[in-house]
Amino acid sequence: NNANFATPADGQSGRMRMFLWTFTTPERDGALENDIVTHEMTHGVTNRMTGGGTGRCLQTTEAGGMGEGWSDTMAIWNEQDSAATPDFVLGQYVTNNPAGIRTHPYSTNATTNPLLYSDLQTRTEVHAIGEVWANMLFNVYANLVHLHGFSANARADPTTSEGNVIFLHLFIDSLAIQPCNPTFLNARDAWLQADVNRFGGANACALWDAFASRGLGVGAANHTNSFLLPPACPSS
Ligand SMILES: [Zn+2]
């Protein structure tokens, strides 16, 4: 009941392993669920792009937790087909369970998914931490799509300016900017810097709005929430 991805340093091939899941008879193959394949492949991307290609820069619990979160987030991104941003459940097929393999659906609704930055005080397993990060990024995604619309061709054409295209640029750009073994704060700041670098900071308030809504606002530190926006950003 698992899958994994090994990421050696640049110059050597990664290795993805997909296993059978035993919740059903017959057993189900994770290779047949896009969520699982995309999640694993994205480990290769985030491990390679963080900290200069050593494949050794998501080693702390918090950084490894974000590694799981980026992987879930890419699965969400890859499976969108309209500007709607409905709740997303990961791993429904392999488990044959509408609740999937995470504790909450990813959601813009804070009742459906109440996870906050401060949940890192008690969530100490990497996938549990990843849920907090992925839900923040799903809210970033929703803000950008609501602002800039949706490209149905984003998987093939990165040159347009819709929200889901902008999101993937910032996702990838931020990985190379952040330090080795980043914290949530480092990673948030890397998204903001990536937006400055590529879009002149045009999306700063959309990013802050999402991060702050889940406790990663101005002044967040040491797994203590802040819901504050910078003075330049209107509260929503
Ligand atoms: Zn994973």
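Using N, Cα and C of the backbone, Cβ positions are placed for all residues, glycine too.
Annotations in TrEMBL come from automatic prediction, not curation.
Lifted from TrEMBL, the feature list:
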| type | residues | note |
| --- | --- | --- |
| ACT_SITE | E40 | active site |
| BINDING | H39, H43, E68 | Zn(2+) binding site |
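Taking each of the binding-site residues H39, H43 in turn and counting other Cβ atoms within 10 Å of its Cβ gives the largest count for H39. Rounded to a whole value, the Cα-Cα separation of the residue listed as 'active site' and E68 (Zn(2+) binding site) is 9 Å. Listed in chain order, the residues near the Zn(2+) site other than H39, H43, E68 are F5, E40, T42, T46, G67, W70, S71, D72, G130, each with its Cβ within 8 Å of the site Cβ centroid.
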